[in-house]
């Protein structure tokens with residue numbers, strides 16, 4: 001810890017959050033507490049419903065259960081610290097705590113991204129190659145896809161944390177953001193950020209865009225296949241199996257690209273609001289999106305809740 005302080009020039013950061021006005025703090029605390037409780041409860045219900053219903057023991061719901069678990073962890077990495085800051089006057093986080101939060105935020109956020117790509121691949125195989133679906137999406141490939149999705153993002157996150165740890169922060173320790181994120185922290189550095197910026201624009205861009213391109217490729221192939229289906233009912237059925245996933249992808253990637261695919265100098269308060277979409281709002285809405293538009297998921301939740309009542 002002592003070495004970290006000497007390297008950075010600061011021992012702690014101040015997270016300004018969404019608003020610095022005292023009258024806003026309690027309403028924001030209430031809002032984000034409700035969102036966090038809904039996120040944890042909703043995703044936990046999804047996991048329990050999938051595990052308790054044998055009819056939901058399929059690759060698609062296997063990936064969804066892991067996505068729900070990661071969403072709980074992702075939200076927990078960010079929101080509890082925000083809640084503490086809403087009720088605190090200092091709003092500080094230690095240097096080591098800041099890097100730790102950023103490490104898990106990036107690792108879990110990117111795990112979400114790769115799991116969404118794995119789910120898109122599952123839908124691609126189910127619609128474009130249904131006769132080989134059982135063989136291609138057997139348990140072993142599914143486990144490998146989840147293992148890959150959960151492990152690779154940690155290496156990516158570690159790289160950016162190690163590079164950030166080489167910087168010196170001596171001008172200010174006030175972070176104009178909700179949590180420790182790389183762009184606001186780079187703006188505070190008084191040493192050269194050339195290597196960090198180059199890494200974000202090369203390795204970071206490739207790492208973020210690759211799963212998105214896999215999703216786009218899968219949906220282009222799915223669209224081509226669905227358009228060849230002669231009956232309207234068949235087309236509706238095919239599209240209905242992808243609708244929930246596609247909605248989540250748009251919500252998640254739309255906000256991420258808005259925040260990160262722009263110059264560092266233009267980072268402002270609108271980016272803080274956009275960050276809430278992919279860190280908090282997306283994790284909260286996922287259970288609703290997947291359950292409200294999915295008959296199997298509705299049935300599984302109905303069985304689970306009926307069992308709890310009885």
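Placement of Cβ uses the backbone N, Cα and C atoms for every residue, glycine included.
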Exercise. Of the ranges 173-192, 273-292, which one does TrEMBL list as transmembrane segment?
Worked result: 273-292
Exercise. List, by number or range, the same-chain residues at least 6 past the transmembrane segment (273-292) whose CB is under 8 A from its CB atoms?
Worked result: 18, 32, 35-36, 38-39, 42-43, 45-46, 64, 67-68, 71-72, 74-75, 78-79, 105, 109, 112, 177-179, 181, 244, 247-248, 251-252, 254-256, 258-259, 298, 301
Exercise. Sequence-remote contacts (6 or more beyond its ends) of the transmembrane segment (28-50), Cβ cut-off under 8 Å?
Worked result: 17-19, 56-57, 61-62, 64-65, 68-69, 71-72, 75-76, 79-80, 82-83, 86-87, 280-281, 283-284, 286-288, 290-291, 297, 300-301, 303-305
